[in-house]
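For reference, the structure discussed in these notes is given below.
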Amino acid sequence: MSTTHERDATGAPFALDDDVNHETNEPLRPKRTSLPKFQLFIVFLIQFSEPITATVIYPFVNQFVRDTGVTRGDERKTGYYAGIIESVFFLAEALTVFHWGWASDRFGRRPILLLGPIGLSIAMLSFGLSKSFWPLVVSRCLQGVFNGNIGVSKSVIAEITDSTNIADVFAMMPLIWSCGTTLGPIIGGMLSQPARSWPAIFGRVVFFHNYPYFLPCAVAALLALASGLIASIGLKETLPAAVLREKKRKAKAAAQFTDANPSSMTSLLGGENGTTYGSNGFVEALENDYTPEVGVPHSSEPDVDPSHAPPPFRALLVPKVLIPLMVYAFLTFVDMSTQVLLPLIYSTSISMGGLGFDPYRIGLIMGTWGVINAVVQLCFLGKLIRKFGPRKIQIIAQSSYVVVLSTYPLLNFFARRAGTVDVKVWAVIIIQLTFAMTNYPAFASIHIIILDSAPTRASLGATNGMAQAVGSIMRSIAPSAASSLFSVSLERHLAGGNMVFIILAAIGLVGLRSTFLLPKHSRSLNH
């Protein structure tokens, strides 16, 4: 197969004779490009540390709020103040995530990604050392600020993958996040109040009596700091403009050293800087004046083409970008609502519209489902995206969310009739959780579509930043909206207590309809 592609008048690549199967007259399937495993490991390590720092406080935040004295002994106010702490995280992330992407388009991916873990470490330590309510709020706000650069990591992934392997990488991303959100609460639950929980080890340490929630925060901070240190050593710059600036600097240094020794120039400008992965077909599909090698323009002049300057913000306000963001907004809202409702309904008594499960059973169900889901996605998700394309996967996934929301009323209906959780209820639970397995495909496919919507490679960071901002806003709204609708539906017996599911299913249907506006073909998978 030819290693180069010519382009038609529109700039799209078309197959040469060597790229065609002459027996069937169809294009040959491109050979899978090997992944830069160490670079992906570093990016995934950064992504792994961020959900840990986000969720480590969940097991103890309510008690932490009470210990500050802000509730003045009224436990009914705990949820209100704890809600403020949890909401400011997503609010701060929403307000800053676009700016992180914007900055990465100008200054490079590497420095922005390095700031995140360092800032998270400081914010986590500050949270654990706080003694009153408002320092908790400020610390949590800082966590949201420095967690906002996760969109930059997706830009890096786009720049080190191509059409043959990007689906596999995005299939792994939800698993990384899932592992982080699982480990975070475990750390928070096991290590909070260590002087009481582990008296033989920490009971005599006065510090842990005075700061009972510092240890889990310190462990989370240490994990974030470790990811930052590893990234500072091994993470390579992938922003083409930044790579070219570095090449230009080296070229000037080489010119000063010698004008007559090409071998010296070769040694200085060769592939030793580690940024030419040779696996950059995805971003090549965004603009046509780069070869598949990162940072190597068609021109021999090692300079930055003005066309690669980051575009103004208004250049992103076009249907090509806004439609995928709209789909992402619906997806994030419905998914977050489902995540909130599932344990809420499982734990609510049968007489009040739930199933009456205890925490142990809920944890067993969700843990078993999580393991099975992770294994299934790891084995099949990448293959499914390559076979059917991200658009079809997104349509199927959003259809499944409607099914999940529609089955909630059946759970309590059968439980009420039987007076307990019988075989019919378990059958509905299995059906519901089976359809819920489309959550990973949903996010993997929409992230590919969003990356694909970037007008140019220079706007990857800003486009990702907009997507992360949209997601953060929806995640800050959905929990309170879904839980409040659930309470109001039960209190006022709206639609038999099922109004919350009707409203959310209707929102899900609107989101499903929006998926048909997505482009039918993905440049990233067809390049």
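In case you wondered, yes, glycine gets a Cβ from its N, Cα and C as well.
The compositional bias 'Basic and acidic residues' annotation in TrEMBL covers 19-28.
Under the heading domain 'Major facilitator superfamily (MFS) profile', TrEMBL lists 39-523.
For 1-28, the entry in TrEMBL reads region 'Disordered'.
The annotation transmembrane segment is assigned in TrEMBL to 38-60 (among others). Listed by sequence, the residues of this chain that lie at least six past the ends of the transmembrane segment (38-60) yet keep a Cβ under 8 A from its Cβ atoms are 85, 89, 113, 116-117, 120, 123-124, 127, 140, 143, 147, 150, 153, 156-157, 160, 169, 172-173, 176-177, 179-181, 183-185, 187-189, 192-193, 213, 216-217, 219-221, 223-224, 226-228, 230-231, 234-236, 277.
Per TrEMBL, transmembrane segment is recorded for 80-100 (among others). Non-local neighbours of the transmembrane segment (80-100) in the same chain are 54, 57, 61-62, 65, 70-71, 112, 116, 133, 136-137, 140-145, 147-152, 461-462, 465-466, 468-469, 472-473, 475-476, 479-480; each lies 6+ residues outside the stretch with a CB under 8 Å from one of its CB atoms.
Only residues 6 or more beyond the boundaries of the transmembrane segment (112-130), in the same chain, are considered here, and those with a CB under 8 A from a CB of the stretch are 43, 46, 49-50, 53, 56-57, 68, 100, 103-104, 136, 138-140, 142-143, 145-150, 152-153, 156, 211, 213-218, 220-222, 224-225, 227-228, 231-232, 235. Annotated transmembrane segment per TrEMBL: 112-130 (among others), in sequence order.
Here TrEMBL flags 213-235 (among others) as transmembrane segment.
For 321-342 (among others), the entry in TrEMBL reads transmembrane segment. Long-range contacts of the transmembrane segment (321-342) within its own chain (CB-CB distance under 8 A, at least 6 residues past either end) are made by residues 366, 394, 397-398, 401, 404-405, 408, 436, 439, 442-443, 446, 449-450, 452-455, 463, 466-467, 470-471, 473-475, 477-479, 481-483, 486, 500, 504, 507-508, 510-511, 514-515, 517-518.
Among the features that TrEMBL reports, transmembrane segment is placed at 362-381 (among others).
Summarising the annotation, TrEMBL assigns transmembrane segment to 393-414 (among others).
Taken from TrEMBL, the feature transmembrane segment applies to 426-451 (among others).
Under the heading transmembrane segment, TrEMBL lists 498-518 (among others).
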Counting only residues 6+ away from its ends, which parts of the chain sit with a Cβ under 8 Å from the transmembrane segment (393-414)?
-> 327, 330-331, 334-335, 338, 341, 345, 350, 353-355, 384-385, 422, 424-425, 428-429, 431-432, 435-439, 441-442, 444-446, 449, 496-498, 501, 504-505, 508-509, 511-512, 515-516, 518
PLDDT averaged over the residues of the domain 'Major facilitator superfamily (MFS) profile' (39-523) | 80
